[in-house]
Amino acid sequence: MATAPRDESWTTSYARETVKHARAVKTTAREAGQDASETAAVAREEDYIQFSYGTAGFRTIARTLHSTCFRSGAFAAARAMAHDAVTGIVITASHNPAADNGVKLVEPNGTTLPMDLERVAEALANGSDIDAQIEALRQASAPVGRGEEDADESEAPASEHRRRRVLVARDTRESGEALANEALAGIRAMGIDAVDCGEMTTPQLHYLVWATNAGEPCAESDYFARLSSGYAALTERGDDGDDDGDDTTCDDVPLVIDCADGVGAQKLKILGDAVAAYGLKFDLRNRGDEVTSSLNDGVGADYVQKARTPPARGELSSLPPNTRCVSVDGDADRLIYYETRADGSIDLFDGDKIATMIATYIKSLVDASVPFLQPGSIRVGVVQTAYANGASTAYLTQTLGEAPACVPTGVKHLHHAAEELYDVGVYFESNGHGTAIFSPKASKAIEEAVVEALMRRSMPHVEALLALTHVQRCINPAVGDAMSGILLVEAIIRRTRARSYAHVYEDLASKQTKAKVPDRALVKTTNAERECSQPAGLQDAINAACATARASFNDPHVRAFVRPSGTEDCVRIYVEALTSECVDAVTADVSRALDVALAQS
C-alpha cells in the first residue's frame, strides 16, 4: 500500500502566525522607545539572542523568551504529529531565580526530548527566516515508529487517548502565564489542539503525558491517587500487628517541607491531605504566600544542597534538633533531605544518599525474593554524574557489588543510562534530581513471581515481592519527581524503622563554585565531564593542582573537574577531598588555572 503524502497544511498557518512573534534581541541592540517588533525589524542577525537547549531545555531571562515559547509550542505540536500522540511543554526555570523562565519539552512516553533533536529545536528557536523555521518543524514532525500499515492518515482516527494534542503547564512565576499563552499560540498555529493545564509541577505534566498515551487514568487527581495508594500499600502493617512500639518515625511528628515559594506548595497540600490518613503529615513552609516570599531565593533544594545550611526563611533553623526536613525546588522535580542540629546547622541527606537508600532497599527486596526471582535475573544498579560524592561511589560499589555507571550531567543522560544498563536503574544527581526505573522485564518478572509465591503460600517471599510492586506505584514512572520521592523515602524509613540514612557513610568534603566567563562554550569536556579537552592545557593544570594537594595534605581522595553549566551562563568548578582546607586550596588553584587557560585560548 502506498504511503499517503504528509499533510503540510500547517506550513501556511505557521508562516502567517510566526511573524507576530518577533525574536528577542540583545539589550545593547534595542533602541530607546521601540517595542520588540520595531527593534527586530532593523536588527542584524548578530544582534539576536542565540538560544541553546541545555540540560533542561531553554532557560534564560523571562522577558526574552516570548518568541522562543511560541516556537517551542509549535515544536511540541510537531512532535505530537510525529508520534500521532500527546506531547507536552512546561514553562519553568526550575531552581533559577524568579526573573528567569524556560521551556521543557515532553515526549509521548513522558521523558525529555531526544538528544538528537536538541539541535533541531535550537535551529527553530534561532531561525532567522520562515523557511528555516519550517524546515526545522518538518524534521521534528517526521513520523516516528509507524509502520506502512498505519502510515495512511486517512484511515480510522486514533482512539481518544492517542489523539494529537499538546498539554501545557507552568510554574508560579509571574511571567509564566504570558509565556504559556505564547506556547499555546504556537501549538494552535500548527493546527493541533492545545490543552492549558494551568499551574503544575514539572513532573506532574510529564506524568499526565505518559498516562494519557499509555491509556492510564490521566486526570491530576489520578496522579495523586496513584502515589498515595502506593505509599499506603507500601507502609501498611501486617495483620499480625507488627508494631513493637519503638517506631522512631512517630506518625505524630510531621515532615517539615520547604516548598521554595514555588508551585510545589499547592500540590504538596493536596498530596498531604491524601496521605494524612496513612500516618504521614506535612508541615509546609515557604509556600509563596508571604510578603517576604521569593521563589528559590535563599530557599529550596538547590540553595540547601549548595550552601549546606537551612533555608533562610521559613524558620527551619529554629526547629528542634533531629527534626527531619526536606526541601524541593521551584518546579518540584528535585528534593534534598536534612536533619537539624542543636547548633543550627544540618546533617545533609542529598541525592547521593537518596539513591543509596533506594537502591540498597530495592536490592534487599530482590534478594529476599529468591528463588521466586532467579538469582541475577534482575540487575539493580545506580547511575551517577561526576558530581556524586566519592564516598557514595565507594559505598555503592561495596554494597551492590559493582561500581555505579557515570554519565554527563543532566537527567536526559542519567535516565537513558538507567533504562539501558539495568533492570532496575536508580539515578539521582547530588542536587536531588532523580528516580528509579523498573524495566518492563523486571515488572513482569515481579508480577509472575507474586502469583507463584502466593500459590505456594510462601508469605515472606510474597511480602518482599508485593513491596517491589508497591514501590513502583510510589514512583512517577515518567521522570524524577520530588513529591513521589518524598513518599518513597518516607515509606522506606518506616519499613526499615530507620531514623534516617544520613550517616550510612560520611561524605568527603566538597565545594562547587561558579566562574563567570566570556563564553562557557570555550570549555569542553570528555570522560563523562570528568576531564577537560578544551581549552588547551587546562586539564594538565587541574591534574597538577590535584597532585600537589594529594602530596601536601596526604590525601589520596583529592579530585577536581571543570565543566560548562548546562543551565546558566557560567563554568562550574567542583573539588572534593578529605578536608575543607584542602578543598579550598585546590579550588583556588583550579580557578586560577581556568582564568589562565581561557586568557590564552
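Heads up, residue numbers simply count up from 1 along the chain you see.
Every residue, even glycine, has its Cβ placed from backbone N, Cα and C.
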With the ranges 140-163, 236-259 to choose from, which does TrEMBL describe as region 'Disordered'?
140-163
Do any residues of this chain, six or more beyond the ends of the domain 'Alpha-D-phosphohexomutase alpha/beta/alpha' (82-123), have a C-beta under 8 angstroms from a C-beta of it, and if so which?
51-53, 56-62, 65, 68-69, 72-73, 75-76, 132, 135-136, 139-146, 158, 161-171, 173-176, 179-180, 183, 187, 200, 202, 205-213, 260, 294-297, 300-302, 329-331, 333-334, 411-412, 415, 431, 477-479, 567-568
Quick one: DSSP breakdown of the domain 'Alpha-D-phosphohexomutase alpha/beta/alpha' (82-123) into helix, strand and coil?
11 helix, 14 strand, 17 coil
